[in-house]
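To keep things clear, I will list the structure first and then write my remarks on it.
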Amino acid sequence: MDSTQLERSKRDYPTPLVDPLICDPNKIVEGYGFWGRYQWWTAVQCNFIMLFYAANIHLLPFITGSAKTMCQLPNSTRINLTGCSYETKNGKEFCGDTNGSIILQQISPEPISSIMTKCFYIRSDHLSTDFLLFGRSLRKEARLFNNSLWNIIGNFACAAAPGFWFFVVLRFVVGALSDSYYTIGANYVCELTTESQRSFAGLIGTTFWAIGILYVGGLAQAVYNWRLLYLYMTLPSILCFFMIFTLPESPHWAIRHHKRSRIASYIAASNRWNCKRLNLTACLRDDPNEHRPKVNSLKAILLMLKSCQMWKIILIGGLMSCMMNFTYFAISLEAIDLSEDHFTAYMLNGVTDLPGAAMCIPLLHFFGRKWVTIFSGIFCGLALAAAPFPAEWFGVNALKVALILLAKFFNTIAQTVIPVWFPEMLPTTVRVLGFAIINFPHCIGQFIAPFFRHVHFPWAPLKYVVVGIACVLCSILCSLLSDTKGKDMPGDVHEVTQTTKSITQENEKDDLTSFTAAE
């Protein structure tokens with residue numbers, strides 16, 4: 001080793017005088033501060049998954065409709081003549097209004113062509129469980145790698161599916177894997193970034209989500225064969241797959257599982273990127289002599305199942321996640337239906353998520369995760385409940401669209417905060433598993449959302465009022481949980497149970513101080 005390499009080693013790697021395993025992972029990550037470049041880069045890497053996740057979800061409406069009638073001129077120019085009449089001459093099909101000069105070409109309607117199956121299969125691929133994540137001893141990096149690899153293989157297989165039921169089964173598997181890597185990615189973001197950076201992580205993730213929506217919409221205008229469209233949709237996942245190789249292991253996971261080399265590698269990479277040598281002495285736990293045994297996955301799961309506080313977090317989180325996700329997709333589809341130009345409305349639907357995600361930055365900075373989620377959910381419900389009345393009473397349809405978009409704005413805020421707030425409440429030993437259980441109702445919300453526009457009551461506004469009230473009630477339930485602003489993420493279930501009362505008391509004081517200062 002030459003002198004340059006020796007100096008670099010001394011700068012990057014932690015001093016052997018301090019064992020990284022007796023350090024607090026929260027202090028290690030926070031030690032690089034808000035401007036930690038490595039932490040920002042890992043946030044971008046983890047959120048890049050949202051591009052492929054959004055593309056995977058929003059692709060099906062484009063390939064499940066009835067076949068379009070495409071006519072081709074002699075010079076091979078394509079013209080979209082959806083629904084045009086045609087006739088057969090000498091065994092060949094021709095457009096009926098061109099004197100037989102244009103040969104008719106139909107785009108393949110496979111794999112789904114009827115309206116009812118379209119409504120059903122838009123979300124049915126995501127009605128699958130995330131409990132593949134029970135293997136808690138696997139590293140997050142390894143599970144993200146495995147899920148992404150099989151997801152890519154599954155999507156390529158979908159594009160080549162020989163029949164309808166092959167496609168349905170493969171989409172079910174792909175849906176399970178998609179929700180799995182979304183769950184792992186959300187936890188990764190929380191464990192690899194500082195508390196202040198997490199306020200911006202939501203905007204990064206929503207930006208990739210919007211890009212995924214626009215990517216599919218743009219492809220659908222250029223690619224007319226559903227198999228090719230599906231194939232091109234899968235391409236971003238390949239880039240996502242290779243980015244996983246550069247992801248570090250979570251310091252929270254590494255310390256809890258006594259992976260000394262992993263935590264040392266994370267610190268070394270952070271030191272290189274940030275041009276800063278972390279002072280590990282300042283990162284020691286409050287009681288460095290406390291013995292923390294290596295995590296036993298089965299024991300951690302049993303402790304979680306016995307903890308009333310954990311069940312309260314999971315049940316309320318699952319209910320809130322399901323309601324917000326159902327509302328998001330229901331009002332998104334409703335807004336598209338209310339527009340005369342469905343494609344433009346679809347593209348704008350992706351862009352309109354960005355203002356709500358951007359608003360999360362100041363809200364999370366000045367207020368806690370708890371109150372931002374509660375009030376955004378309440379305002380979402382009130383706006384949605386009021387949406388049908390302008391059109392019902394005054395015939396003003398534009399105001400109805402405006403209220404639906406306002407509800408979507410507040411819904412986006414809640415949807416951005418939930419993947420930050422709930423992983424912060426869950427302990428490291430069962431964080432992925434706990435958030436996976438919360439995400440199962442989230443999938444159910446996606447599944448039932450398309451049926452919202454097909455539900456009809458004798459009094460038309462009733463369905464909006466019912467969903468709006470449900471949003472308000474679910475948001476109020478979140479007041480039973482504690483805030484995590486300014487608090488370290490817990491390491492195990494005992495920390496969650498023992499500190500709940502003290503955290504609640506401190507949060508009441510913090511909330512009172514925050515609102516007094518705001519006034």
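Residue numbering: from 1, along the chain as shown.
A Cβ is built for glycine as well, from the same backbone N, Cα and C atoms used for every other residue.
When the ranges 35-56, 343-364 are checked against TrEMBL, the one recorded as transmembrane segment is 343-364.
Away from its own ends, the transmembrane segment (200-223) comes close to residues 43-44, 47-55, 58-59, 62, 189, 193, 229, 232-233, 236, 343, 346-347, 349-351, 353-354, 356-358, 360-361, 364, 412, 416-417, 419-420 of its chain (Cβ-Cβ under 8 Å, at least six residues beyond either end). Remote same-chain residues near the transmembrane segment (229-247) are listed as 42, 45-46, 48-49, 51-52, 55-56, 59, 62-63, 141, 144-145, 148-149, 151-152, 155-156, 158-159, 188, 212, 215-216, 219-220, 223 (criterion: CB distance under 8 Å, separation of at least six residues from the stretch ends). Using a cut-off of 8 Å between Cβ atoms, the transmembrane segment (343-364) and the transmembrane segment (429-452) share fewer than three residue pairs, counting only pairs 6 or more apart in sequence. Packing against the transmembrane segment (371-389) from elsewhere in the chain are residues 320, 323-324, 327, 331, 360, 363-364, 400, 403-404, 406-408, 410-411, 413-414, 417-418, 421, 460-461, 464-465, 467-472, 474-476, 478-479, 483, 511: each is 6 or more residues past its ends and has a CB under 8 Å from a CB in it.
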